[in-house]
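Per TrEMBL, the features are:
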TRANSMEM  B:20-53  transmembrane segment
TRANSMEM  B:74-95  transmembrane segment
TRANSMEM  B:107-130  transmembrane segment
TRANSMEM  B:137-157  transmembrane segment
TRANSMEM  B:169-190  transmembrane segment
TRANSMEM  B:211-232  transmembrane segment
TRANSMEM  B:259-287  transmembrane segment
TRANSMEM  B:299-321  transmembrane segment
TRANSMEM  B:327-346  transmembrane segment
Amino acid sequence: MLEITDIYASLAKREVLHGISLTAKAGQVLAICGPNGAGKSTLLKAALGEIPARGDVKLNGQSTAKAKASDLARQRAVLPQDTQVAFAFTVAEIVAMGQEAGDFAAEPGLIEAALAAVGLANHATRPFQTLSGGERQRSHLARALAQVWQPIGPQGPRWLFLDEPVASLDLGHQLQVMRLARAYADQGGGVVAVMHDLNLSAMFADRMAFIIDGRLAAEGTPAEVLTAPLLERAYGCKVAMNTAPQSGPWFLPQACDQA
Amino acid sequence: MTALASSRARPGLRPVPYGLTAGLILLVLAASILSLTSGAAGLGLGTLLKAPFSAEGLTLRDKVVLYDIRLPRLVMGLAVGAALAVSGVLLQGLFRNPLADPGIVGIGAGAGLGAVMAIVLGSFLPLWMADLIGAHLVPFAAFFGGWAATLLLYRAATAGGRTDVATMLLAGIALGALAGAVTGVMVYMADDKQLRDLTFWGMGSLAGATWGRLAAALPLILLVLLIAPGLARGLNALALGEAQAAHLGHNVQSVKRRAIFGAAAATGAAVAVSGGIGFVGIVVPHLLRLAMGPDHRLLLPHSALLGAGLLVLADLASRSIVAPAELPIGILTALFGAPFFLWILLRQKGALRG
């Protein structure tokens with residue numbers, strides 16, 4: 001269980017999160033959605049302790065503010081939006097950093113398995129700098145997977161935090177990454193993902209938190225959250241709503257209100 | 001043997017380069033033997049090898065040359081070379097930039113200012129104090145100047161328990177300019193002899209090596225060489241950015257603090273006893289990254305070896321080329337280091353183009 005209680009955070013002295021409380025359960029995918037600048041990534045960063053924030057965050061019942069970084073690293077892994085790497089590390093060396101940080105340092109073949117899971121099995125020896133944007137993002141996902149390889153550990157479920165995991169991926173790899181996240185949750189792990197794509201979120205997430213202007217505007221299943229009035233309020237667009245046979249609601253943006 | 005090694009190796013994970021390690025150890029040993037057996041005093045390898053087996057052993061004069069001149073100079077060359085190279089690796093890892101060197105965290109500016117002020121203002125000391133401190137004034141002033149500058153920059157860039165590396169870099173540039181200005185004032189005040197001292201201090205030399213000076217510098221350098229390997233995994237993780245390093249389980253602030261003050265202590269001690277020797281801290285880590293990859297667990301010990309070996313060789317050259325006089329070693333490291341470095345870079349660029 002991830003319990004975020006009453007989080008306030010400021011960037012450059014401007015308050016951007018105005019008291020958000022949110023819980024995520026292990027075994028589920030939680031998608032954090034909302035328009036640009038609403039505070040989705042800031043919420044994730046505040047929940048992860050990357051930026052100073054008021055409020056309380058508990059992971060598996062323990063306050064993360066007091067936890068040791070090395071203990072947290074065994075329970076959660078983070079896929080960043082910024083995938084820059086300094087120096088000419090190979091893809092395998094980067095995945096190995098994840099492996100060494102988690103509980104699976106001694107597991108043989110884990111690097112290869114993690115790379116295979118993200119479709120980069122043949123990229124182990126490549127220098128990271130020679131990869132495309134999408135390949136870089138998937139290498140980092142392999143690193144995160146190698147860190148929390150088994151979804152359930154001795155201290156409870158393990159967690160994947162993903163900051164826009166499909167941002168620079170093509171359609172096929174978007175689905176591949178979302179399926180990985182789904183499978184991780186189905187095996188008992190927790191997944192929290194900041195998402196832009198409402199359709200992918202609706203297809204793969206169990207729960208959705210919708211942020212507008214630093215406040216939680218709606219929370220629930222995608223079908224409960226994604227209503228036409230909310231989307232119009234959030235994006236200033238009319239949105240055509242429909243229902244896909246297996247994956248629930250899907251959307252098509254219509255005329256925006258610039259006219 | 002090769003087959004066994006390659007079957008154990010995992011794709012993309014570079015194995016420990018034992019060949020390179022052995023080569024570097026040989027380099028250090030060879031440079032050390034050469035350094036001990038050559039010099040203006042004419043005490044050569046032959047005499048040294050025969051001494052243990054002959055009845056009279058070494059003459060008193062030869063003993064003085066070996067134990068009080070060449071040996072401390074060798075040890076200082078090894079220590080200074082290792083200190084400069086390892087400091088380079090620490091700071092480059094911390095700043096995530098292969099061009100970082102001790103100059104950018106204020107060590108260079110502070111140490112230089114300390115030395116210059118000691119050289120120029122030292123003449124105003126009362127005679128009894130000058131007698132007491134004597135030759136140690138400049139090294140101490142350089143060390144404390146470098147340390148004070150680093151502390152100031154660290155404080156300036158740290159708020160709420162986090163050090164902002166970019167702020168530290170900018171503040172370092174400002175401090176460098178300030179130190180340059182004060183140095184200018186000192187140069188303006190200096191007389192001719194002091195000007196000569198200033199110039200030569202800036203070019204670096206191991207000629208002042210004594211056991212006394214080593215006793216102050218060596219423990220600090222050894223301490224940092226011992227601490228550095230413990231930072232290797234943290235520096236690797238920092239290559240992914242500070243947030244990710246924290247999520248990989250590292251206490252990032254502690255890694256930063258230890259890297260900054262480790263580099264400040266080692267470089268400060270090295271600069272204090274040998275003056276300004278440039279280029280080792282940038283070239284050595286860069287060459288090794290090309291040869292064996294950027295993993296700091298391997299880079300740190302190998303940089304210490306290569307830095308030590310190269311500086312002893314440079315010192316050997318500095319006192320052989322114009323013997324019995326000496327060229328300042330800083331001139332040599334730049335004169336040979338810079339073109340070699342350019343050559344490596346151009347070759348690498350050519351390889352990238354295919």
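Note that Cβ sites are derived from N, Cα and C of the backbone, with glycine treated the same way.
By the Cβ criterion (under 8 Å, sequence separation of 6 or more), the transmembrane segment (B:74-95) is in contact with the transmembrane segment (B:259-287), since 3+ such pairs are found. In this chain, the transmembrane segment (B:327-346) does not touch the transmembrane segment (B:107-130); fewer than three CB pairs sit within less than 8 A of each other, excluding pairs fewer than 6 residues apart.
Residues 200, 202-206, 274-280, 282-283, 286-287, 290, 311, 314-315, 317-319, 321 of the same chain sit 6 or more residues outside the transmembrane segment (B:327-346) yet have a Cβ under 8 Å from a Cβ within it.
Residues 68, 72, 75-76, 79-80, 82-83, 86-87, 89-90, 93, 136, 139, 255, 258-259, 262-263, 265-266, 268-270, 272-273, 295-297, 299-301, 304 of the same chain lie 6 or more positions beyond the ends of the transmembrane segment (B:211-232) yet place their CB under 8 Å from a CB of it.
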